[in-house]
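Visitor: Attaching a single structure in structure tokens format; questions to follow.
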Amino acid sequence: MSMYGRDPWGGPLEINAADSATDDDRSRNLQDLDRAALSRPLDETQQSWLLGPAEQKKKKKYVDLGCIIVSRKIFVWTVGTLLASAFLAGLITLIVKTVPRHHHSKLPSDNYTLALHKALMFFNAQRSGKLPKHNNVSWRGNSCLNDGKSDSGTVYKDLVGGYYDAGDAIKFNFPASFAMTMLSWSVIEYSAKYEAAGELKHVKDVIKWGTDFFLKTFNNSADTIDSIAAQVGVGDTSGGSTTPNDHYCWMRPEDIDYDRPVYECHSCSDLAAEMAAALASASIVFKDNKAYSQKLVHGARTLFKFSRERRGRYSAGGSDPSLFYNSSMYWDEFLWGGAWLYYATGNSSYLQLATTPGLARHAGAFWGGPDYGVLSWDNKLTGVQVLLSRLRLFLSPGYPYEDMLRTFHNQTDIVMCSFLPDFRSFNRTKGGLIQLNHGRPQPLQYVVNAAFLAALYSDYLEAADTPGWYCGPNFYSVDTLREFARTQIDYILGKNPRKMSYIVGFGNHYPKHVHHRGASIPHNKIKYNCKGGWKWRDTSKPNPNTIVGAMVAGPDKNDHFHDVRTNYNYTEPTLAGNAGLVAALVALSGDKTARIDKNTIFSAVPPLFPTPPPPPAPWKP
């Protein structure tokens, strides 16, 4: 029996589902009613029940759109808003199309970046062989296309390409390979800065032009070799010789018609190890081009093996190279080549060699002396010390390398101290230029290398969260090192007593009589023979062609500079000098947010600690 109560007015109090419906439900139900039923006329009493007091007939407040009924006010407001929005959008479009546009130019580059663009162009001007389509040096053309072929006494018949060393047309592999190593090192550390400056592709093209040539100078497909083509062309004019050669003649490279001998060496540890360093470092630069990178690594291994097995200096015995790029020893190249091959291959045998105390002792790591701490095409010891300090700072491989790595790290700190004005290791000119070669000529090539190492080491310390280093009891911040690098490069860019930029084409006042054959002879389709070009060498008129980006040899110890073409000690640029300049400029360019690339150099280095063994198999009863 159902339970229900009774209403006092009569009828049950049973609660039906319909009574519990919400107002919304009722509203929907109401809409479902027959519209015709609602349209019957109601009497006055019925109207009072439903509508309250009777209303006068008014204008419809709703608009029937067929699928929906909306308020007339909302409808009018919506349509009006849409029309107004369309009008406003059209007006804005009209204004944008008719008002002149103002293009906001990029912020101007800093001086170091501007100089970097120019310094790299020097390498384009030094190219030998068949030039690429977009070399961008209007007064240069294809040259010396018979190098190798013209010397019947050499087995190397294709020596076309590479770079001319300086103001002449000789191709010296020893300083050229050092130059390519320095450029590769700078790309490995600062590829992001090169990219930001728009020069990454350019600098990689510069390096590849050099390494492609080095691969021609030995049997790069072999594992063992017995010779290297060390030099193309000769420059010895001693004894009053009048035989046409690259120093006696003053000719555009494009017009050379005299014989260019090839100098081969069969025991040249210094040259072979330096070339190995160049190829090994470049293999890291080109690691994304796997085939080419592996070719470079194989060549580097072959060269280094040759350097270790056939001991000797490439410039021994009064050879032509000894007159211009005489190597003092080969022990530093053993360390340098070994370090770069370790980074390129990850093979620990190269690291063991580079951290051998006996080799370091022979290389002068414990000697001191007046040239200690000076990186150059001849002595790479300081470069090795910085390069292996990097390994200790970021990977810290520990035993058995730690003792020698710590020694190199401490020696690097000492070298950095020697660069500071508080110390007396090196004098300075009154204008502030450090005299790393103790007042001898051509100082700038050493200064730019030191500036690069100082800026780079400061970046190493910052990346290792180290605020500075100690010189004796005194602590110096990393900013001190960068300030040293900046002041030296600023001197070269024009902040010196003569207010002269020593980079051709940079600033308003720079050398106009550069000791350079191609730049000094007009590009006028007239061929000047060996002696015919002498008049262009000896004229007091400025060079007709601007060799943009060339860093000249530099001022003397009194800040004096003689802009005279015939005095190469002031006005001759070199590959090695410009490579150090490029490296220093990119290290200083951009803002401080751009850091070094900590990891790329370690791409081939395996984990330094052994991988733990796998867990044992589950126990089975």
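For all residues, glycine too, the Cβ spot is worked out from N, Cα and C.
Because the structure is a prediction, the values reported are computed rather than measured.
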Visitor: Between 1-26, 27-52, 547-572, I'd like to know which one TrEMBL lists as region 'Disordered'.
Guide: 1-26
Visitor: About how far apart, in whole Å, are the alpha carbons (Cα) of H515 (active site) and D563 (active site)?
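Guide: Answer for this pair: 9 Å between alpha carbons.
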Visitor: Could you tally the C-beta atoms, other than its own, that fall within 10 angstroms of the C-beta of H515 (active site)?
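Guide: Other Cβ atoms found within 10 Å: 25.
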Visitor: Determine the minimum-neighbour residue: among D563, E572, listed as active-site residues, which Cβ has the fewest other Cβ atoms within 10 angstroms?
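Guide: Looking at the active-site residues D563, E572, the Cβ with the fewest others within 10 Å is that of D563.
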Visitor: In whole Å, how far does the CA atom of D563 (active site) lie from that of E572 (active site)?
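Guide: Per the Cα atoms, D563 (active site) and E572 (active site) stand 10 Å apart.
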Visitor: Need one number: mean pLDDT over the domain 'Glycoside hydrolase family 9' (112-585).
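Guide: Mean pLDDT, the domain 'Glycoside hydrolase family 9' (112-585): 97.
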